[in-house]
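Database features (Swiss-Prot):
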- Arg151, Ile152, Asp171, Cys230, Ala231, Arg232, Asp256, His279, Ile280, Gly281, Ala282: NAD(+) binding site (BINDING)
- Arg232: active site (ACT_SITE)
- Glu261: active site (ACT_SITE)
- His279: active site, proton donor (ACT_SITE)
- 453-525: domain 'ACT' (DOMAIN)
Amino acid sequence: MSRMKVLIADSINEKGISELEEVAEVVVNTTITPEELLDAIKDFDAIVVRSRTKVTREVIEAAPRLKIIARAGVGVDNVDVKAATDRGIMVINAPESTSITVAEHSIGLMLALARKIAIADRSVKEGKWEKNRFMGIELNGKTLGIIGMGRIGSQVVVRTKAFGMDIMVYDPYISKEAAEEMGVTVTDLETLLRESDIVTIHVPLTPETRHLISEDEFKLMKDTAFIVNCARGGIIDEDALYRALKDGEIAGAALDVFEEEPPEGSPLLELENVVLTPHIGASTSEAQRDAAIIVANEIKTVFQGGAPRNVLNMPVMDSETYKSLKPYIELAEKMGAIIAQALPGNIEKLDVTYCGELAEMQFDILTRTMLQAILNPILTEPVNLINAPSIAKKRGIMVTEARRSESDGYRSIIIATAESDRGGFSVEATHIKEPTIIGINGYRVDVKPEGTMIIARYRDLPGTIGAIGTKLGQHGINIATMQVGRKEIGGEAVMVLKVDQSVPAEVIEEVKKLDNVDDAVAIEI
């Protein structure tokens with residue numbers, strides 16, 4: 001088997017390259033042009049980039065072997081994540097690599113504003129000695145407003161508490177318990193802006209956060225307040241910021257990121273009460289080393305068949321959660337395989353209900369696994385855990401998930417109901433030491449889903465079971481086990497047969513023609 005190939009398209013730390021060379025053939029081309037990349041990418045299984053190289057939809061569609069796009073850093077603005085997801089390509093990054101580095105840079109910019117370090121430095125270099133001009137303020141006793149309490153925001157809290165700052169936080173996702181543990185006050189955005197002496201931003205750029213801080217927000221702030229942005233350009237409306245600084249609505253700003261980079265022609269360049277750095281928040285040797293090692297290890301993990309931790313376009317879980325879910329991942333795959341073969345027509349809807357302990361767990365990966373098993377047999381394009389939901393959506397398949405605390409005496413149950421243009425099919429299953437089907441179309445059974453099975457709907461009348469057995473015997477097909485589920489004598493029933501041989505389609509057709517048999521299907525697991 002040939003080795004995997006990895007393209008390093010931007011400069012990364014040598015330690016990351018060394019890690020990759022243990023499991024793959026590594027090609028380093030840190031000056032590759034977009035045109036060259038478009039031609040070369042077809043030969044690679046993974047690509048590592050920083051911020052220079054753009055991995056566009058065009059590049060992704062020219063990469064039949066590509067399995068992983070790795071960003072040696074945090075932001076993936078230069079990667080078309082949707083296109084990667086559609087193709088089933090993992091997008092991974094190294095979010096923890098820059099947390100401390102960016103937090104320290106943010107605090108450095110706060111100090112630069114508070115003590116007017118940048119303009120004081122410039123003044124001395126111009127031969128001046130203007131001590132009275134550069135009267136600053138202490139951070140001690142001031143109120144810091146942090147917008148976003150993720151990895152970086154949390155690191156800012158730890159460090160600014162040492163300065164003696166009072167800390168307010170705006171983050172809709174932080175729990176009261178977590179806030180109390182960190183010793184911060186959670187509040188709404190308006191209150192934070194009104195009461196903070198310094199505001200620092202640590203949220204991603206999304207449609208919701210674009211121009212989160214604009215004209216109205218600056219009017220809420222103290223005229224002595226500073227604002228710092230080391231997150232993403234575009235979160236602050238730079239035109240509104242310029243007006244707020246010119247009109248004295250706030251005292252100063254420090255930016256490491258911009259709406260356009262570099263910010264050529266920006267009026268902010270003219271202002272003395274602005275500190276600007278060229279997007280270097282993550283630029284320390286330690287952060288670059290850590291980012292390279294983290295993504296290299298993630299790629300190694302994938303190549304060796306393991307589960308990576310930092311995938312942006314599929315569920316990520318810790319090892320304990322994965323261990324708890326692993327039996328149900330196998331179960332969901334088998335359920336999907338049964339649905340794919342038993343459901344007549346083209347699937348239009350899939351409803352999955354998680355009962356018992358599973359209802360409290362991270363079950364998205366189970367739905368993805370089931371979708372993958374349903375879609376793979378009917379599509380020519382590859383389906384995996386990453387692209388299964390997007391492929392289902394593209395094909396107009398409605399997928400819903402629900403949770404239920406009751407589980408009929410079992411620890412956990414998965415109930416999957418599929419509908420198509422020609423009917424429906426449902427399967428209910430649990431894990432009792434091994435995967436077990438406990439219901440078919442609402443009828444109780446007890447079957448281990450493995451090998452070749454025949455599922456038949458029939459009317460529970462004398463001689464019907466015998467006729468099915470005889471018909472199979474005529475074709476040399478031996479029945480290993482049989483399960484029957486019924487609700488009343490003489491009514492509709494479901495039979496699940498496990499047989500020792502594959503069942504030809506023509507034999508199934510003969511079974512379906514037997515008296516009192518409504519339908520039958522052969523299932524291969």
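Cβ atoms here come from the backbone N, Cα and C positions, even for glycine.
Where Swiss-Prot records a feature, it is marked here on the structure.
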{"residue": "Arg151", "record": "NAD(+) binding site", "Cβ within 10 Å": "17"}
{"residue": "Asp171", "record": "NAD(+) binding site", "Cβ within 10 Å": "20"}
{"residue": "Ala231", "record": "NAD(+) binding site", "Cβ within 10 Å": "28"}
{"residue": "Arg232", "record": "active site", "Cβ within 10 Å": "23"}
{"residue": "Asp256", "record": "NAD(+) binding site", "Cβ within 10 Å": "24"}
{"residue": "Glu261", "record": "active site", "Cβ within 10 Å": "11"}
{"residue": "His279", "record": "active site, proton donor", "Cβ within 10 Å": "18"}
{"residue": "Ile280", "record": "NAD(+) binding site", "Cβ within 10 Å": "13"}
{"residue": "Ala282", "record": "NAD(+) binding site", "Cβ within 10 Å": "24"}
Whole-number Å value for how far Arg232 (active site) lies from Ala282 (NAD(+) binding site) (Cα to Cα): 12
Max CA-CA distance, Å, over listed NAD(+)-binding residues Arg151, Ile152, Asp171, Cys230, Ala231, Arg232, Asp256, His279, Ile280, Gly281, Ala282: 25
Nearest of the active-site residues (Arg232, Glu261, His279) to Asp171 (NAD(+) binding site) - Cα to Cα: Arg232
Separation of alpha carbons, Glu261 (active site) and His279 (active site, proton donor) (Å): 8
Cα-to-Cα gap, Asp256 (NAD(+) binding site) vs Arg232 (active site), nearest whole Å: 8
Integer Å distance between the CA atoms belonging to Glu261 (active site) and Ile280 (NAD(+) binding site): 12
Rounded distance in angstrom between the Cα atoms of Ala231 (NAD(+) binding site) and Glu261 (active site): 14
Cα-Cα distance linking Arg151 (NAD(+) binding site) and Glu261 (active site), given in Å to the nearest integer: 24
Arg232 (active site) versus Arg151 (NAD(+) binding site) - Cα distance in angstrom: 15
Number of helical, extended and coil residues in the domain 'ACT' (453-525), per DSSP: 19 helix, 31 strand, 23 coil
